[in-house]
Amino acid sequence: MSNWSIDDARASYNVNHWSQGLYGISDDGEVTVSPDPSRPECKIGLNEMAKDMVKSGVALPVLVRFPQILHHRVNSLCQAFNQAIQKYQYENDYLLVYPIKVNQQQTVVEEILASQVEKEVPQLGLEAGSKPELMAVLAMAQKASSVIICNGYKDKEYIRLALIGEKLGHKVYIVLEKISELKVVLEQAKELGVTPRLGLRVRLAFQGKGKWQASGGEKSKFGLSAAQVLQVITSLKQENMLDSLELLHFHLGSQIANIRDIRQGVSEAGRFYCELMKLGANVKCFDVGGGLAVDYDGTRSQSSHSMNYGLTEYANNIVSVLTDMCKEYEQPMPRIISESGRYLTAHHAVLLTDVIGTEAYKPEDIQPPAEDAPQLLHNMWQSWVEVSGKADQRALIEIFHDCQSDLTEVHSLFAVGQVGLAERAWAEQVNLRVCYELQGSMSAKYRFHRPIIDELNEKLADKFFVNFSLFQSLPDAWGIDQVFPVMPLSGLDKAPESRAVMLDITCDSDGTIDQYVDGQGIETTLPVPAWTQESPYLIGFFLVGAYQEILGDMHNLFGDTNSAVVRLDEDARTNVESVLAGDTVADVLRYVNLDAVSFMRTYEELVNKHIAEDERANILEELQLGLKGYTYLEDFS
């Protein structure tokens, strides 16, 4: 592909679409980031940045955060709603609430809060879904509007802490997930002398589509049915506390790809709001929950990895539906709240790491089978002769199916001793050579060739062994088949020489990325430029800022990676700050209740028993360094 261009690379990885202008490919084929979206002309090369970090002692893999992207996402979302409110003459305001479950890292939460620090009236609050999250939020919310929303199941301690938050000056909304929570809230509020701010999570009949659709619908784990909502109203009236019901909440699920689902959910919840107001409730806030999606594959579609709407359309739909409904039922317009954590955080973080080795199929010369070889082998040789153009052509699809069938039968005969090891090896080599020739002969412009091309790409793909743990750094890729954009960080000015799959360094066959963004679709392999030990390149995993860190596990005892915060200063200089060391071997041993100190004593006993005296000090030093070392491979330089 001598006419390969940078535009071809951008289209191949679809980077201009999934990145929303935050990441790109430079004219010299290097992946770049615009760390401050307000200055898109200021770009940083990720490849050189990673190499500089390594030189300064930060080993790969490293998770890099760009806090100015967080600021931009917060302000963009607030601006979209502010403009929609003005457009539809909505008679209230908008509040963005960050659910810290999406990414509880202190750096992330503080940077999100800092994005509104210069606003006269901050449009930002925090959400907690558990006691530990609430304890964090109580301390951090003072830097925002001091609005706190408490979701999740609650015991007496959780409820008391939330009420204490009210005494501390916060506006704490306790959202009732179960009807039994109401009694505890009222009892503890009376004991503490606090007037509670109550919210209701309603269980909608409508259920959105997607991987998290179980968050909504009549069988949802959370929320109150219509009958239970009426029970709450009755109980509050009896206690003369109906004015305490200030918030209505619903949640369709994370990553809602279709704007119609969002519109329909808001419409049904809006009817709940109007009915509650008719019953005398004092609902001031309408909380649409999460659902604002991230376009992971850049296709702007209804795929579970994508979204068929933009930020403006999202805000316009919510505001317009509520405007029309409140006017129709002559009800006041409530403050609109959204809990859009995935949208805020996904783009701000990228994992950078090295390839430690590759395994690729290289065509080898093959000889015809012996005359007395089984007929199956002669059949396979005939397929090779025909596909290589040395005999009359048959349909390429027929050759493929025949050769695959013959190889399957060879394997069966080997299992029962009718074919030897050398014959099996020969058959496998012929099959690979046939597949290799077919891959170059078939064309995607023929629809009936496409499924076989996909199968051949997967069968002949290079294996890239990458220095990371899928289970630690991209758990959703393993757990729910989530797609994350993956790109080589350099060499993209050259045409791809092969297709590859990315394998992690865990001892688990599931540690493989199975889906890749490729053009306007998803493929099982990734186009890559040539990689050699003499001319290696790094790999970037993008849009990993939401959920991945907190969901990551320590399979094979691979721990947290190193991380760093990178910021662009006023003079457009790159500042690497807040470098946080990843887990050491001793750290992860402690997590599973293994005592590194006692291990060291055991090593000393073994060294004294088995190692010559002049070697003991060096061996002990290596063992000690092993405990202090990074859990990932450290050979890259």
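Every residue gets a Cβ built from N, Cα and C, even glycine.
Secondary structure at Gly290 (substrate binding site), taken from DSSP and collapsed to helix, strand or coil, is coil. Residues or ranges marked as substrate binding site by Swiss-Prot on the basis of sequence analysis: Phe286, Asp287, Val288, Gly289, Gly290, Gly291, Leu292, Ala293, Val294, Asp295, Tyr296.
Residue environment of Lys101 (N6-(pyridoxal phosphate)lysine) contains 20 other Cβ atoms, counted within 10 Å of its Cβ in all protein chains. Residues annotated as N6-(pyridoxal phosphate)lysine in Swiss-Prot: Lys101.
Following the DSSP three-state reduction, the secondary structure of Lys101 (N6-(pyridoxal phosphate)lysine) is helix. Counting only the Cα atoms, the space from Tyr296 (substrate binding site) to Lys101 (N6-(pyridoxal phosphate)lysine) is about 20 angstrom.
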